[in-house]
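Listed features, source TrEMBL:
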- LYS10: active site (ACT_SITE)
- ASP137: active site (ACT_SITE)
- PRO95, VAL96, ALA97, ALA98, GLY99, LEU100, GLY101, GLY102, GLY103, SER104, SER105: ATP binding site (BINDING)
- 67-144: domain 'GHMP kinase N-terminal' (DOMAIN)
- 200-274: domain 'GHMP kinase C-terminal' (DOMAIN)
Amino acid sequence: MLIMEKAPAKINLSLDTPMRYFDGLPQWNMVMSSIDLADYVAVETHASPKTIKVYTDSGFLPNDQRNLAYQAAHILKTRFHQSDGVTIRIKKHIPVAAGLGGGSSDAAAVLRALNQAWELGLSVDELAKLALSIDSDVPFCVYGHTAHVTGHGELVTPLPNFPHYWVIVAKPKVSVSTPAILKQINYATLQHAPTNQLVDKIKAQAWSETFQYMGNSLEGVTGEMYTEIKRIKDKMLQLGADVAQMSGTGPTVFAICHAESRAKRVYNSMKGFCDEVYQVVLL
């Protein structure tokens with residue numbers, strides 16, 4: 001059986017890490033939202049061969065068990081004793097190692113596709129629980145849209161979707177290792193983003209008040225290593241963006257504009273500033 005899935009990128013409207021757990025992993029307090037920049041994932045099950053194969057059109061991604069999409073297929077295949085082989089073909093549009101959750105969204109797409117192909121009957125909540133063992137962003141990507149994400153990433157609470165705001169996404173020429181950034185966090189000096197206040201404003205649908213509560217606690221950490229991030233952010237704000245900040249551990253910076261005319265101005269100007277620039281909307 002062949003199933004096609006769309007795998008949207010995510011941005012962090014707010015990202016904070018209050019503390020580090022005893023296992024060394026960060027505790028997250030985030031608001032995440034899907035955008036309509038997406039990879040396309042084709043998942044095919046077959047009686048023979050019985051192996052898992054991953055193919056991508058990007059030379060930057062591994063095709064073996066290091067690939068999160070491979071791990072997603074392996075988890076469902078072993079957990080539910082499926083004898084079928086799986087072939088996964090990923091057409092990449094989301095920049096790699098960019099803080100946009102491309103690999104996590106691909107993995108979530110595989111979980112959804114195999115749940116359907118193998119008629120496992122798993123609910124979205126059940127898929128999300130399995131997803132945490134792949135990566136902390138995968139549970140959110142199983143749900144999509146806008147959500148408050150806490151804990152290790154496994155606690156996902158859906159929030160009202162934003163209006164049709166425009167998002168300009170710009171990735172500088174550098175790529176960032178998330179584990180390397182997380183090791184650099186100094187909790188004694190970390191500037192915490194007001195995630196809980198943002199959640200309250202979203203719940204109240206006080207959209208015009210949300211911008212002032214967006215933020216990313218890791219922006220200063222990654223920004224010390226990659227000065228391009230601040231330059232891109234400052235440029236977007238100068239061009240009239242309502243808000244601009246880094247997504248995830250970076251290095252991608254996004255701007256949100258409530259007016260399409262302003263978004264076009266930011267997008268057109270940023271195309272001469274970065275190689276990878278996209279104008280999209282919140283889903």
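Glycine is treated like the rest: Cβ placed from N, Cα and C.
Just so you know, the Cβ of GLY101 (ATP binding site) picks up 29 other Cβ atoms within 10 Å once every protein chain is counted. Separating the Cα atoms of GLY99 (ATP binding site) and LYS10 (active site) is a whole-number distance of 8 Å. Secondary structure from DSSP puts LYS10 (active site) in a beta strand.
Among the binding-site residues PRO95, ALA97, GLY103, none has a Cα sitting within 10 Å of the Cα of LYS10 (active site). Each residue of the domain 'GHMP kinase N-terminal' (67-144) gets a DSSP state, and the totals for helix, strand and coil are 42 helix, 7 strand, 29 coil. Distance between Cα atoms for GLY101 (ATP binding site) and ASP137 (active site): 7 Å, as a whole number. Within 10 Å of the C-beta of ALA97 (ATP binding site) we count 20 further C-beta atoms, all protein chains included. Per-site Cβ counts within 10 Å over the binding-site residues PRO95, GLY99, GLY103 peak at GLY99. Confidence in the domain 'GHMP kinase N-terminal' (67-144), given as mean pLDDT, stands at 97. Long-range C-beta contacts of SER105 (ATP binding site), restricted to its own chain and to partners at least six residues apart, with a cutoff below 8 Å, comprise ALA7, PRO8, ALA9, LYS10, ALA38, ASP39, ILE94, ASP137, CYS141. For ASP137 (active site), the Cβ neighbour count at a 10 Å cut-off comes to 29, with all displayed protein chains included. Broken down by DSSP into helix, strand and coil, the domain 'GHMP kinase C-terminal' (200-274) contains 39 helix, 11 strand, 25 coil.
The Cβ of LYS10 (active site) has 29 neighbouring Cβ atoms from other residues within 10 Å, across all protein chains displayed.
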